[in-house]
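Engineer: Have a look at this one before I ask anything.
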Amino acid sequence: MLLTVLAVVLLITISVCYAVSVALGHVPIVFPYISETGNWEPESCVFSFGMNIASFLYMVAVYLRYHELLVYRESTPNTSITPRLNRIAWALGTASAIGLCVVANFQVQKVRIVHYLGAFTCFVGGSVYFGIQAWFSKCMCPWVSSLNMVRLRTTLTVLSAIALTVCLACALAAISQFDGKDQVKWSPENKGYTLHIVSTVAEWLVALIFVGSIITYIPEMTRISVHPPKFRFEPVKVSPSRYGSIGSTPHA
């Protein structure tokens, strides 16, 4: 249920922000960057709200996956999954979720450097995280993950790495050639326009691949049960002579 909600929230947020920003003329209809669809009001409010929810759910999912692997290792001592690599994966996944939160709250037009740093952390950290998880899936095959699922996750990881590389390389090349006034509203007359479109398409592919990767873990997550924590409270009798009685007036 958690991963299903996460995937739905991401897809709805991206779709709504794109539709609203295009309808209001804030971005061109031909493939703007995802972040650019959340630059202006009112779509920026939807973008921040949706991505913050997604960031929280993403972080919880990473935490649950971390503990799933801990339990699996306890029941399968001879597995190739090491605690250190599991911790590294948890750290990368958490960093990716925090990066998504940064992207949601620091618009590219207002705080460009911080936004780019968050986007880089989200996409690069997420790509490496899902790559490690694909390898973990191979280690858990066939008891937890099927061979076809391992192949699918590996394929998505490779495609994500390729698309991310294309996105970054073409973005840098396009910006270096840009001769217009507004980097959000590119037109075919601008130099580097083709590279820009290739970069934006690649970014959308990375986002969709991320959502697809998340969906592949839904069957495994349904087998995880989480019990609420138990709380204990031990009241301690407070000495009136030390703190004074309730309602008493301190002496001058």
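Heads up, the Cβ atoms here are built off N, Cα and C, so glycines get one too.
Dumping what TrEMBL says about this protein:
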- 1-19: signal peptide (SIGNAL)
- 2-221: domain 'CWH43-like N-terminal' (DOMAIN)
- 46-66: transmembrane segment (TRANSMEM)
- 87-107: transmembrane segment (TRANSMEM)
- 113-136: transmembrane segment (TRANSMEM)
- 156-175: transmembrane segment (TRANSMEM)
- 195-218: transmembrane segment (TRANSMEM)
Engineer: Counting only residues 6+ away from its ends, which parts of the chain sit with a Cβ under 8 Å from the transmembrane segment (87-107)?
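Structural biologist: For the transmembrane segment (87-107), the sequence-distant neighbours (Cβ-Cβ under 8 Å, at least 6 residues beyond its ends) are 35, 38-39, 44, 47-48, 50-52, 54-56, 58-59, 62-63, 65-66, 114-115, 117-123, 125-126, 128-129, 132-133, 136.
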Engineer: Which sequence-distant residues neighbour the transmembrane segment (113-136)? Criterion: at least 6 residues beyond either end, Cβ under 8 Å.
Structural biologist: 35, 62, 65, 69, 81, 85-86, 88-89, 92-93, 95-103, 106-107, 150, 153-154, 156-157, 160-161, 164, 167, 206, 210, 213, 217
Engineer: In the same chain, who gets a Cβ under 8 Å from the transmembrane segment (46-66) while lying at least 6 residues past its ends?
Structural biologist: 2-3, 5-6, 9-10, 12-13, 16-17, 20, 37-38, 86-87, 89-90, 93-94, 96-98, 100-101, 103-105, 129, 133, 214, 217, 221, 224, 226
Engineer: Please compute the mean pLDDT of the model over the domain 'CWH43-like N-terminal' (2-221).
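Structural biologist: Summarising the domain 'CWH43-like N-terminal' (2-221) by its mean pLDDT gives 92.
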